[in-house]
Structure formats: structure tokens, C-alpha cells
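Undergrad: Questions regarding the structure given below will be posed in turn.
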Amino acid sequence: MNAAGQLVASARAGVRRRLVCYFALACGLSWLWLVPLMVSGAVVHPGDGRPSHFPALIGPAVAAVVTAAVFDGRAGVGELLRRVIRLRVPLRWWAVALSPVAILAAVLLTGVAMGGSMPATADLAVMSGLPAGWGVLGVVSMVLVVNGFGEETGWRGFALPVAQGRFGPLSSTMIVAGGWAVWHLPLFAVVESFRDFGNATLVGWLLGLFCGAVFSTWLFNRSGGSVAIVPVWHGAYNVASATRAAEGLVAAMVTTVVIVAALALVGAEIRAITRHTVSVLA
């Protein structure tokens, strides 16, 4: 192998080692909290903070910082943190990040127009693993900080850029989505809503997770690599699909809109790949 080939092989091995280390740490750290809950038979219920799976949600962020420090030292951690606090993003991308809330409002108003009833505002505070007594502001803040930044600092802030150092945006998204799906596994034994999944619901959840990963890749890349904007979208989506205000058909409709948008992006990206034109996701 010539010198150029050795450099390419070394770079590829570096990407692989970083991703393996990150995925192992993210799962290991989060599962340290979740596995004891699973073994004890504890179940996380909506509107109840004890027991809670929320402490496990910071695992990906911690794993990202540790992996960046191990492989790239202070410079790597600094670059990660700069992505996290990158707030100077065009307003249109912040609007996209908040779009799940707009979709929820549109679905609810359509339901009211068709003779349904509007859920109580307090229903937005009823989410698995958080006390409903914290109110809407408290619950939404926790979802943004812990659920949003706790996860996305790792998945989109670290793993996605590392993967994109070797692979294209769509392939990188599939790699990250695979690790993200595995990371969720203990939740199926601990969180009540996950425990209730049937086969069809599980397939829908997997499709939704992949489409969420696609949408997050698009948002991260198009915003100039801002991690900050992705947790806002992630948190808004969870509020719009995983609270009592969005139960049943409402959650399904919100998720369907995201799936349709993401599949359109995938179709456009595949077309760009086959025609050798500019990436849609990059």
C-alpha cells in the first residue's frame, strides 16, 4: 500500500474507532441507569417522575464529550461544544425546528372544526418520566434540555459529523439511526408506552425513528452544523407526539407528516446520488 492509501486506511479506521467507542459508551452509560430499573420490574408512567428514565437520556451527551476527549483532546471537545452553542442560524431554520408544534396545533384545530374537543393545556405537561405537577413550562424545559440536548449532543453533534467524515449524508444517517435504535432497547422494558407496542406499532416506531434521523441530518447540515437547533426540533416533536395532548390519532398524524417529509428528502437524496448532483441532505 502506498502512502496515500495508508492515509486513507488510517482515516477510515479512525472514523470506525470513534463511532464504535461512542456507540458503546452511549449505550453503556444510559443502560447503567435503565438496566437496574428493568431488572427491578419498575415501569415509567406518564406524568410520574418516580421512577424515571430521564437521567439515562444524558448518556449520549456524556459519551460524546468523553469520546471527543479521548481521540481529539481539548480541541475535539472544544469543537463539539462550539457546535452545541452555535445559535446564529437563519430564522427559517428555527421555524423548521418548531414546526412540530405548528403541526400539532393544526391537527388539534382541525379536530375541533370537525366536532372534536381541544385537550387541556395541562395535558402538554403529562409525559412519561416527568411529574405533571411541574407544569407545562417545567416539563417542556426538561424535554428540551435533557431529552433534546442530552441525546442530540451525541447523535447529531458527534456521531453524525464523524460518520460524514467518511460516508455520505444518507449512509451516515443510517449508521447513526442504527446506533440510536439499539440505544433505545431497554426503554421497551421500562417505559409504559414502549411496553404497549404491538408489532405494527414497532414497525411504525422504527420508520419514525429513521425518518426523524433523516430530518435531523437535514436540519443539522443545512443550519451550518448547529447542534442547538436539532434539540429544539427533537423536543418540539416529543411534546407534539408523546404528551397526553397528542395521544392516539393526533400523535399518529403528527408523526405521519414528519415521515412524509423525511421520505421526500430521502427520495430527493437518492435522485441526487444517482444523477451525481448536489446532495439534498448535506
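Glycine is no exception: its Cβ is also placed from the backbone N, Cα and C atoms.
The transmembrane segment feature in TrEMBL is assigned to 20-42, 54-71, 91-112, 124-146, 167-190, 202-220, 249-268. Per TrEMBL, the feature domain 'CAAX prenyl protease 2/Lysostaphin resistance protein A-like' maps to 137-239.
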Undergrad: So what's near the transmembrane segment (167-190) in sequence-distant terms, Cβ-Cβ under 8 Å and 6+ beyond its ends?
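TA: Residues 19, 22-23, 26-27, 30-31, 34-35, 37-38, 42-44, 51, 53, 56, 59-60, 155-156, 159-160, 197, 206, 209-210, 213-214, 217, 221, 266, 269-270, 273, 279, 281-282.
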Undergrad: What residues in the same chain, six or more past the boundaries of the transmembrane segment (20-42), come closer than 8 Å to it by Cβ-Cβ distance?
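TA: For the transmembrane segment (20-42), the sequence-distant neighbours (Cβ-Cβ under 8 Å, at least 6 residues beyond its ends) are 51, 53, 55-57, 59-60, 62-64, 66-67, 70-71, 154, 158-159, 162, 179, 182-183, 186-187, 189-190.
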Undergrad: Cβ under 8 Å, sequence separation of at least 6 from the ends of the transmembrane segment (91-112): give me the contacting residues as numbers and ranges.
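TA: Apart from its flanks, the transmembrane segment (91-112) reaches 118-119, 219, 222-223, 226, 229-230, 232-233, 236-237, 239-241, 245-246, 250, 253-254, 257-258.
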Undergrad: Quick one: do the transmembrane segment (124-146) and the transmembrane segment (54-71) have at least 3 Cβ pairs under 8 Å, skipping pairs fewer than 6 apart in sequence?
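TA: In this chain the transmembrane segment (124-146) contacts the transmembrane segment (54-71) - 3 or more Cβ pairs sit under 8 Å.
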Undergrad: Which bits of the chain, at least 6 residues beyond where the transmembrane segment (54-71) starts or stops, bring a Cβ under 8 A of a Cβ in it?
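TA: Sequence-distant neighbours of the transmembrane segment (54-71): 14, 17-18, 21-22, 25-34, 77, 79-80, 129-130, 142, 146-147, 149-155, 157-159, 183, 186.
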Undergrad: When you scan the chain for residues with a C-beta under 8 Å from the transmembrane segment (249-268), skipping those not six or more beyond its ends, what do you find?
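TA: 100, 103-104, 107-108, 111, 170, 204, 207-208, 210-212, 214-215, 218, 237, 240-242, 280-281.
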Undergrad: DSSP helix, strand and coil counts for the domain 'CAAX prenyl protease 2/Lysostaphin resistance protein A-like' (137-239)?
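TA: Residue counts in helix, strand and coil order: 86 helix, 1 strand, 16 coil.
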